[in-house]
């Protein structure tokens, strides 16, 4: 104690002994104990001092801003004087909670007791009134020692003189009138049995003064200590702030309406009772003067609610003037409360789900926009589906929200929302966390529908994409298509080479992607050169797999590597990229995929555009290498190609065919443009799946069949000879039992029995003897 008081005396008194401490030492000692008198024991002094001071918690930190500010406020309480209570202390919080419950009880019980009970000297009634009067008087005394929050200046008055002056000017008179101990007076003087009727009515009038305690309740609702109590209950029930505040507002509104109905019902009976129930009042007309108080209260409450809700007058219309004025007053109060209730309820409902309301308003504008431009029904449906998948019924201004946050908090939110992308992407799993954060903070969320071309071959690349969910196809000219799924990325090649797109990427399902612009891409890679080398390695491997090269990437790869750890990471990324390409290759190609809004009928023909002459020669070679009549229907893709070739026969420069040939048609051994070599011991099968798609595959030769050569009259076909043979005849070898050609699919691509199919004809009159592989339709 003395050591704490010595530094406060000043630098010149640092050497003063403890017995020569200045007279201010007792005050300093009292301040050190939290403003509690020194006569109290040391442990109790410290406990009481802690209860009277603000504690460090979420609410105090939100009010004062920091731990240091809370400590300064505690020092202010210690130096303010003895028994000064801080308004944000624990003691004041619990005291206000007790007073709040007691006030609510008085606001409900006192009107009923004053109105419907004549004998008020029963023990329960006396105990309740005495207890209430005691707490109200104690609250009146404590208000002189409790700090006052000045809302205008955002400060707290703790000086005793300032507290006293301000309290006397504001709420002292109301609290004094509402705290008059009428029951104490009746008990001590014992005047209640000898009071005549006039004095008894006067005593009842004094009890009505207790209604002014509603002003104290309103004052408590305005103070932040009640809000602090609500916040603590939020943390207990693990509620969000919006939900908890909305629920509390609903209960407050409903409770206020019921309390006003309760008061109005008591007032409807109190006025006739003070007039000794005249003959024209509603109580006398209904003969309820001597009924029980429960029945009287029920009829009075029904009459009051009928007036307040403006649905009638109750059991009968008012007759006397007091009843008429009470009815008008009830209607005015009820209409006001009803309007307030509707307004608050509407605002509350709108605030509960503002994001969904914004989405609905936005979509109404979109519907009006589509109607104004008279968009077709298919386009409207695609727009509707896009909004459903993009926003999912809620709309936020995410850029504005994230822009208002601090950088660490923004990075934390982005890392949390993109945690699924990071978990499924090896590029981020093996990368520096700083690189991952730098990339994630610059990503932009996008949604694509089935059939959308995310990337178009030959266009200038300005973005690269990371796949969060969805399935996409990479369509490269003259190469097998590659499929990408969750955790993959694409579009980085043109950003690295500053060139054009080397392939097209089409969305097969609804895809949720994150895009990275070229400026952000280069800015991130400048900070992390190791990751640039990893991107270049994967890009070169992808180009190598589709049979393309890039001199810029090769030149960059020839430069020495800055470290050995990067090579290991590059190997992991390349291996995972290859494994993923092989893993998704077996997926069903028709999983919701659409091309320009139409289903793909024969997918191997929609990959790389070829010249019509080349396609004609390929089909012609396939037809000449069959061993029997072609078991394909006239509507099959091969027959359609043959017809298209016959129409364009003789043209020196045929246009591009609007379909794409599969990789095996484009690169098979029959696609030679100079001379047809002797085919190996393999058989060409054109199989038609259940969905109507045709696939060409190389299988082994059938039992007993071997490779054959062209006859003496046969000649090789090339792209410069766009003619088909007139007739194709086989060796008549029987088909294997149980082959796919014996089962007819329901898709309409039916193979007619041998001998009924007319051989395809051409402008060339001479027949060609078939030699080589056999083509059959497996259905």
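Cβ coordinates come from backbone N, Cα and C, glycine included.
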Query - Among ranges 171-191, 276-296, 360-380, 381-401, whichever one Swiss-Prot labels transmembrane segment - result: 171-191
Report summary line: Feature phosphoserine (Swiss-Prot), candidate list 633, 651, 733, assigned to 633
Query raised in the report: Of 40-60, 61-81, 124-144, 145-165, which range does Swiss-Prot call transmembrane segment?
Result: 124-144
Query - Swiss-Prot: matching membrane side for residue 122 and residue 274 - result: yes
**Report entry** Among the 3',5'-cyclic AMP-binding set 491, 492, 494, 501, 502, 542, 545, as the record gives it, the longest Cα-Cα distance in Å
**Finding:** 17
Query raised in the report: Considering only Cβ pairs under 8 Å, which range in 124-144, 253-273, 329-349 makes the most contacts with the transmembrane segment (97-117)?
Result: 253-273
**Report entry** Per-state residue totals over the topological domain 'Extracellular' (274-296) - DSSP helix, strand, coil
**Finding:** 9 helix, 0 strand, 14 coil
**Report entry** Candidates 501, 542, 545: member of the binding-site residues with the richest Cβ shell (10 Å)
**Finding:** 542
Query raised in the report: By CA distance, which of the binding-site residues (492, 494, 501) lies nearest to residue 290 (N-linked glycosylation site)?
Result: 492
Requested in this report: State the count of C-beta atoms found within 10 angstroms of the C-beta of residue 494 (3',5'-cyclic AMP binding site), not counting that atom itself.
Outcome: 21
Query raised in the report: Who are the long-range neighbours of the topological domain 'Extracellular' (319-328) in its own chain, taking Cβ under 8 Å and residues 6 or more past its ends?
Result: 267-268, 271-272, 275, 278, 280-282, 285, 307, 313
**Report entry** CB within-chain contacts under 8 A for residue 492 (3',5'-cyclic AMP binding site), separation at least 6
**Finding:** 464, 521, 535, 538, 539
**Report entry** For the topological domain 'Extracellular' (274-296), the mean pLDDT of the predicted model
**Finding:** 87
